[in-house]
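K.L.:
The annotation domain 'Cadherin' is assigned in TrEMBL to 12-118, 119-226, 236-341, 381-452. Residues or ranges marked as region 'Disordered' by TrEMBL: 339-372, 507-552, 628-654. What TrEMBL lists as compositional bias 'Pro residues' is 527-537. If you look up TrEMBL, you'll see 541-552 marked as compositional bias 'Polar residues'.
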């Protein structure tokens with residue numbers, strides 16, 4: 001068999017890659033010629049297709065269809081297209097394919113036609129002042145559009161300019177900038193501007209530049225310092241809250257930062273705390289102001305020692321400042337002040353002898369003299385208010401005198417004091433004044449004797465019993481020289497004690513009672529009744545010629561007083577028992593209440609023998625129209641004036657207090673009957689089946705009561721039945 005070896009590929013139709021430099025300017029430029037040996041020359045038609053021919057970008061490449069020459073028709077840019085892949089075709093004149101299509105690759109060779117480009121025109125970094133060498137601050141970087149596999153894109157970095165001292169360095173391949181030397185001081189150089197360069201071809205090709213700005217961050221390495229050691233200021237006295245002046249400081253640290261902000265302290269010279277100091281946040285100066293009123297007359301100058309420091313502590317590397325202390329001398333200027341009364345209002349006892357001094361105002365000062373001393377500023381006094389025209393005031397000395405005696409009581413007294421107003425005014429221009437209150441206490445003396453009231457009275461009695469009269473007293477003096485009073489029978493007439501007795505009612509009145517029926521020599525007409533004496537350490541008494549008329553009844557009882565009591569008691573008991581047996585209480589015309597007598601004591605006369613008049617019940621309208629309401633004898637009050645109606649409680653929770661107040665008012669009201677008095681409500685006719693309930697009216701003893709019925713009330717009353725049954 002004939003062995004057919006492998007088919008040989010024609011070299012003419014296999015086209016190797018073709019390289020062409022970018023930016024080639026001689027156009028058209030022959031790139032390659034392709035051939036096919038299928039036909040004789042002139043019998044083949046050649047063509048190419050692909051990007052740069054019939055695809056975008058169009059018209060870059062072309063071919064001679066008869067010779068097969070491929071031409072470059074435009075400049076190439078590797079950064080846009082680094083290679084082109086085309087297809088080549090060979091046809092006979094009839095259009096029949098002679099060869100299979102073959103690849104035609106055109107490679108664009110790079111040229112160093114692009115400079116490196118920094119990512120930013122300005123790079124910014126920060127580093128604290130005093131940073132150690134080797135402290136990295138920032139990194140700059142640049143790119144190159146050329147072929148990265150060639151030196152055309154090999155970029156190298158450098159610092160072209162950074163000032164006189166080379167404080168920073170840069171890594172040539174990475175572009176990292178770091179500190180190179182110690183001694184970075186923000187107060188010396190706060191900002192560094194570096195010019196950095198990037199170059200391709202490993203530093204020998206095209207170059208470009210950028211700026212690197214490095215800011216030094218502040219630390220508190222500089223203490224604040226006073227601009228001078230002594231400051232002088234002036235301020236007016238009595239001014240509070242005003243600024244006296246400023247103390248100036250300087251701090252090299254960053255203005256407005258806590259490392260710069262100053263804090264002031266008053267160390268010495270102001271133990272009373274009259275001054276305060278604050279920091280001006282804009283200027284950082286200390287502002288000294290007055291915290292308490294200053295008085296030139298007390299202290300006219302201050303010498304203060306101030307210290308200053310930062311809000312934030314100093315760094316250990318900072319050195320202490322010798323100017324952290326300063327002295328401030330403050331002069332207190334004198335001003336004309338209004339007069340000031342040392343005691344306002346001033347309370348004085350009664351003047352003796354009719355004159356006393358009024359301390360007007362503390363010394364005032366006028367304008368400073370040449371020698372620095374200030375003379376006293378004169379002032380004058382005047383009465384602004386003297387309602388009774390009772391006082392006389394010396395306009396220069398302030399001495400107050402009385403013109404005449406001020407009688408007491410007087411409408412011009414307020415709580416026993418006489419009030420006047422005094423004006424003090426200085427002679428400055430313009431004048432200043434002050435008003436003071438003078439309160440003069442009028443002491444009460446016992447210069448009035450009490451006067452008995454009423455001046456005349458009529459005492460009526462019945463056989464075997466006396467009468468009484470209620471005596472009162474008044475005194476023009478004020479306590480303690482007035483009420484309460486002490487009443488007694490005149491010691492110059494001892495015979496009065498046989499027929500009269502005195503019983504204390506309250507501090508202002510007392511009943512005088514006859515002890516028995518009048519005697520012809522009892523001396524009733526034109527006798528001297530009991531004098532009243534105020535109960536003070538030096539009492540004054542006033543015996544009064546007190547005429548008392550006594551209407552003697554036709555029947556005169558001569559029995560001894562105990563015998564009269566026994567007879568009356570027996571007669572009353574027998575009459576009441578007969579009335580109970582015969583049932584005469586309903587029709588009896590006599591009301592047994594008319595026969596009840598009150599006996600308080602025996603021996604020397606009995607007091608309070610008043611019987612309860614039945615006419616008060618039978619004709620109350622007549623009795624009330626001419627007789628004053630009964631006065632209680634057990635009340636401590638001294639006036640029978642009815643009290644105003646009380647205000648009703650606002651809520652149920654106040655009802656307890658309302659009731660208790662009502663009880664206290666009733667207990668102390670002298671216009672209501674005593675506790676143990678039969679209360680008179682109204683008269684409902686004579687006679688009653690029921691007995692009286694009052695323990696005073698009822699005279700039955702325990703022996704007269706029958707308690708046997710208690711045993712019929714059940715076990716709950718068994719104990720009472722055992723005691724009384």
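Here, residue 1 is simply the first one shown, and the rest follow in order.
Using the three backbone atoms N, Cα and C, a Cβ is placed for every residue, glycine included.
Mind mapping these onto the model and telling me what they sit next to?
P.N.:
Per DSSP, the domain 'Cadherin' (12-118) is made up of 2 helix, 49 strand, 56 coil.
Within the model, the domain 'Cadherin' (119-226) shows a mean pLDDT value of 94, rounded to a whole number.
Broken down with DSSP, the domain 'Cadherin' (236-341) shows 0 helix, 44 strand, 62 coil.
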K.L.:
Let's see if you can do this one: DSSP helix, strand and coil counts over the domain 'Cadherin' (381-452), in that order.
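P.N.:
The domain 'Cadherin' (381-452) comes out at 0 helix, 35 strand, 37 coil.
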